[in-house]
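Report on the following structure.
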Amino acid sequence: MGDRLRLAVGIMGNASSLLLYAAPILTFTRVIRKRSTEEFSCIPYIVALSNCLLYTWYGLPVVSYKWENFPVITINGLGIILELSFIFIYLWFAPTRGKIKAGTTTTMLMVIFTVTAIISAFVFHDHHHRKVFVGTIGLVASVAMYAAPLVVVKQVIMTKSVEFMPFYLSFFSFLASVLWLAYGLLSHDLLLASPNLVGLPLGILQLGLYCKYRKRGIIEEEPSKWDLEHNNLQEKPKHIQLSMNEDINGKI
């Protein structure tokens, strides 16, 4: 029963993570359409890539015992493909300064992953120590992945606009944190559960900010529409008066 429940939670965790990784498709559709990255940041996608690389390696039999963490491999392997696609699109349309920053950060994180993989494979000779080593670095990467949107959160608070913090990205981040926290606890694997203890409150924070500033945007938008209609009503008598004056002048 315990293994079936763990597998079921793992499958639901895969589904929620797939939606999380796929959520930026809407954002990058906009980037392609406008041929500009605007104010979007590439950091969350670069950090997510490093997280996917580390946890794919963590789930493989080199680190884990046989295929005990197969659900972790499948979703993070797919995440690698999606995040690489997003980063490539960003690099294509970003200004020169953005390309340099994104390219440098991506290269640095790829070097860190490569060194981690080499050390875990050749320095440690049992699964337990490999899992602890890779899992600890993966924990740091996961915390960074969940904390990366704080850059956008700061922008939301300053501009009082949620334009550059998509709702679905925040929602699926929260949902994935809940499910992978449950999967880690059911697996008695604290290295899988721990990152989600950080991701959960951050997901709640993002959803709270979205609800707050989205409502404010709607409230601020309505008066502007009313003012426009009010101005139109005020302009109509002027047009009528002008027409009447023209008619009178014509008769005279």
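Here the Cβ of each residue, glycine as well, is placed from N, Cα and C on the backbone.
In TrEMBL, annotation is done automatically, which means it is predicted and not curated.
Here is what TrEMBL records for this protein:
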{"type": "TRANSMEM", "residues": "6-28", "note": "transmembrane segment"}
{"type": "TRANSMEM", "residues": "40-58", "note": "transmembrane segment"}
{"type": "TRANSMEM", "residues": "70-93", "note": "transmembrane segment"}
{"type": "TRANSMEM", "residues": "105-125", "note": "transmembrane segment"}
{"type": "TRANSMEM", "residues": "131-153", "note": "transmembrane segment"}
{"type": "TRANSMEM", "residues": "165-186", "note": "transmembrane segment"}
{"type": "TRANSMEM", "residues": "192-211", "note": "transmembrane segment"}
Surrounding residues of the transmembrane segment (105-125) on its own chain - C-beta under 8 Å, 6+ positions past either end: 42-43, 46-47, 49-50, 53-54, 57, 62-63, 87, 133-134, 137
Interface check, the transmembrane segment (192-211) with the transmembrane segment (6-28), three or more C-beta pairs under 8 A: no
Folded-back contacts onto the transmembrane segment (6-28), same chain, C-beta under 8 angstroms, at least six residues removed: 40, 45, 48, 52, 71-72, 74-75, 78-79, 82-83, 85-86, 89-90, 166, 168-169, 172-173, 175-176, 179-180, 182-183, 186-187
For the transmembrane segment (131-153), sequence-distant contacts whose Cβ falls under 8 Å of one of its Cβ atoms, 6 or more beyond its ends: 41, 43-44, 47-48, 50-51, 54-55, 57-58, 63-64, 112, 116, 119-120, 124, 164-165, 169-170, 173, 177, 191-192, 194-196, 198-199, 202-203, 205-206, 209
Outside the transmembrane segment (40-58), six or more residues from its ends: residues with CB under 8 Å to it: 21, 24, 27, 31, 64, 69, 72-73, 76-77, 79-80, 83-84, 86-87, 90-91, 94, 98, 101-102, 105-106, 109-110, 112-113, 116-117, 120, 131, 134-135, 137-138, 141-142, 144-145, 148-149, 151-152, 164, 191
